[in-house]
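What follows is a single structure, written as structure tokens, with notes after it.
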Amino acid sequence: MGFRKKNKSPPVLSHEFVIQNHADMVSCLAMIILLGLMFEVTAKFAIMFITVQYNVTQVLDEKIEPVNLYQYGPKDVATVFFYLLIAVILHALIQEYILDKMNRRLHLSKTKHSKFNESGQLAAFYLFSFIWGCSILTAEDFATNPTFLWEGYPHTHMVFQVKFFYICQIAYWLHALPELYFQKVRKEDIPRQLYYICLYVVHITGAYVLNLHRLGLVLLVPHYLVELLFHASRLFYFSDENKQKGFTLWALLFVIARLLTLTLSFLTFGFGLPRTENQGFSLADGNFNVLTIRMTCLAAICLTQAWMMWKFINFQLKKWREHSQNQASKKKVVSPKSKPPKKEPSRGGAANGVVKSEDKTSPRARKAKAS
């Protein structure tokens, strides 16, 4: 892990060396790109990595001052690459200065240690993205005008916050791929993480390229809220296994989010876009409003939601079985031991080494009788 001081130095350019120092190497690469701004020859190339490209100035009827809007293009790949480097550096900082310190206090097992790191990283990202997305939606007034999802399609122009939001989203989920190697993720956890990383990359990039960034943003915000609640609940669970109330709230919001996603998707692809004026396919105009693409997008969203619900049901059934087994083990009562039968006194009147006399007279009377 980057930024750590290791007692033993592994061989240069070995796997262990790259894993331990990857954040330092990535930081050097990002610094080289930033230093390119200092020289006139390299500045035009460095700006392509650092700043958002394809600026378009328009004058709207409602506003006197011109508005800066943005489109997408091939140069966005360079911008995504630079912020992918920034994501790797931030990942290492959160791991080194927050999660590792918490792990040392909790003394978790290897399995819980891996899941704790995953939830810690994702919870921080979901919290930041949820707040950022809410601020953008508040400016768009979606709550009062849901038809802005499809009105005026194709939405080829974006404000700076929307475009930068998508650039950072794509960069973060792409950076998660090399992190599987840098973080030494267990082999049994790699397929599960690859599934959801690839789904995020495909869906977010698809919404960005197909000019469906409004719908994508509206669907991401509630989804990130649900995922934030899940990973925060898992962090609390690892610190104290009795804290499981957050999972109940997460289960309720998870189902609501899936229904909301399906409703808005059917409303946009089945009702809104087919009734817009701009119908047809045109790469130059950024118009993808044809039946084939609409149905493909809708099918992809529905299949993803069905897969997520399947995983959710399996997770709940597993939790229910574990809970039932724990309750059954607690209710098991040990059968009461049968009382041993009373031993009859022996013929000589001795039982357990004690001689019992059948004479019921007092000791003083027996003494007088003996004399």
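Glycine is treated like the rest: Cβ placed from N, Cα and C.
Annotated features in TrEMBL:
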| type | residues | note |
| --- | --- | --- |
| TRANSMEM | 29-52 | transmembrane segment |
| TRANSMEM | 80-99 | transmembrane segment |
| DOMAIN | 114-323 | domain 'TLC' |
| TRANSMEM | 120-139 | transmembrane segment |
| TRANSMEM | 159-182 | transmembrane segment |
| TRANSMEM | 194-211 | transmembrane segment |
| TRANSMEM | 217-237 | transmembrane segment |
| TRANSMEM | 249-271 | transmembrane segment |
| TRANSMEM | 291-310 | transmembrane segment |
| REGION | 325-371 | region 'Disordered' |
Counting a contact as 3 or more Cβ pairs under 8 Å, with residues at least 6 apart in sequence, do the transmembrane segment (291-310) and the transmembrane segment (159-182) touch? no
The transmembrane segment (80-99) vs the transmembrane segment (159-182): 3 or more CB pairs under 8 Å: yes
Taking contact to mean three or more C-beta pairs under 8 angstroms, with sequence separation of 6 or more, is the transmembrane segment (217-237) in contact with the transmembrane segment (120-139)? yes
Sequence-remote partners of the transmembrane segment (159-182) [C-beta within less than 8 Å, at least six residues beyond its ends]: 1, 19, 22, 52, 67-70, 72, 76, 79-84, 86-88, 91, 125, 129, 132-133, 135-136, 139, 190, 193-194, 197, 200-201, 204-205, 207-208, 213, 216-217, 220
Going along the chain, which residues at least six beyond the ends of the transmembrane segment (194-211) come within the CB cut-off of under 8 Å? 72, 153-156, 166, 169-170, 173-174, 176-177, 180, 217, 220, 286-288, 293, 297, 300-301, 304
If I take every residue in the domain 'TLC' (114-323) and average their pLDDT values, what number comes out? 92
